[in-house]
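Visitor: The structure under discussion is supplied below as structure tokens; questions concerning it will follow.
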Amino acid sequence: MAAIVTYLVIFTVISSALAYDPDMLQDLCVANTHAGIKVNGFTCKAEGNVTEADFFFDGLAKPGKVNNSVGSLVTGANVEKIPGLNTLGVSLSRIDYAPDGLNPPHTHPRATEMIFVLEGELDVGFITTANKLISKTVKKGEVFVFPRGLVHFQKNNGDKEASVIAAFNSQLPGTQSIAMTLFTSTPAVPDNVLTKAFQVGTKEIVKIKTKLAPKKS
């Protein structure tokens, strides 16, 4: 636990200096998520209405229940969950992996990501714009960094569950899953674009879209 706390403190200091979000101009600006005003971030809640609850979240304390086909679950602790993060330029996530679970290739357009392995062992990596894969196996207590905007992934190749804490230098880093973005967007990416890009037939594209389509309740 001491190692986790030390890691989070170090990351917070570094990210404050290198944050991609705009710098804060006041002590705090707790997000008013119900203001109905569109700005780059969120407008500030009246200071008289600010409470300790605006700076607290216990959603990362326990493993999440993984119940999907890829075998991973991301629990965010960003400005949408912690309004007090507004303008502070930091956030966290917890990622839990079932045995053989995958956090599929994705990007964070607004932040660099740093993971700290809580339990288990993961194969992780990112791909540069020169199409070079940078990858490593990371174990409990170890750290790995994914540069802002680059496609990256984490894979649990073990037979036990794994989990990490991920830190970001943005209050809302955003996530784009490569497969979900291309095959489940609304409106849909035209099939002839996908068949040309992946050099496969329409049947293969339709099959992938069917597998990735959100399950109807």
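For all residues, glycine too, the Cβ spot is worked out from N, Cα and C.
In TrEMBL, annotation is done automatically, which means it is predicted and not curated.
For reference, TrEMBL lists these features for the protein:
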type	residues	note
SIGNAL	1-19	signal peptide
DISULFID	Cys29-Cys44	disulfide bond
DOMAIN	58-206	domain 'Cupin type-1'
BINDING	Asn103, His108, Glu113	oxalate binding site
BINDING	His106, His108, Glu113, His152	Mn(2+) binding site
Visitor: What are the sequence-distant neighbours of His106 (Mn(2+) binding site), meaning same chain, six or more residues apart, C-beta distance under 8 angstroms?
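Guide: Expected: Val151, His152, Phe153, Thr175, Gln176, Ser177, Ile178.
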Visitor: Taking 10 A as the limit, how many CB atoms besides its own sit near the CB of Asn103 (oxalate binding site)?
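Guide: Excluding its own Cβ, the number within 10 Å is 25.
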Visitor: Out of these recorded positions, Cys29, Cys44, His108, Glu113, which one has the fewest other C-beta atoms within 10 Å of its own C-beta?
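Guide: Result for the recorded positions Cys29, Cys44, His108, Glu113: minimum number of other Cβ atoms within 10 Å at Cys44.
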Visitor: So how many other Cβ atoms are close to His152 (Mn(2+) binding site), meaning within 10 Å of its Cβ?
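Guide: Within a 10 Å radius of the Cβ of His152 (Mn(2+) binding site) lie 23 other Cβ atoms.
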Visitor: Looking only at the domain 'Cupin type-1' (58-206), how are its residues distributed among DSSP helix, strand and coil?
Guide: 22 helix, 57 strand, 70 coil
Visitor: Excluding Asn103, His108, Glu113, please set out which residues of the same chain place their CB within 8 Å of the center of the CB atoms of the oxalate site, keeping sequence order.
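Guide: Counting only non-site residues, the set is Ser93, His106, Thr107, Ile115, Phe146, His152, Ala166, Phe168, Pro173, Thr175.
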Visitor: Please report the Cα separation of Cys29 (disulfide bond) and Glu113 (oxalate binding site) in Å, rounded to an integer.
Guide: 24
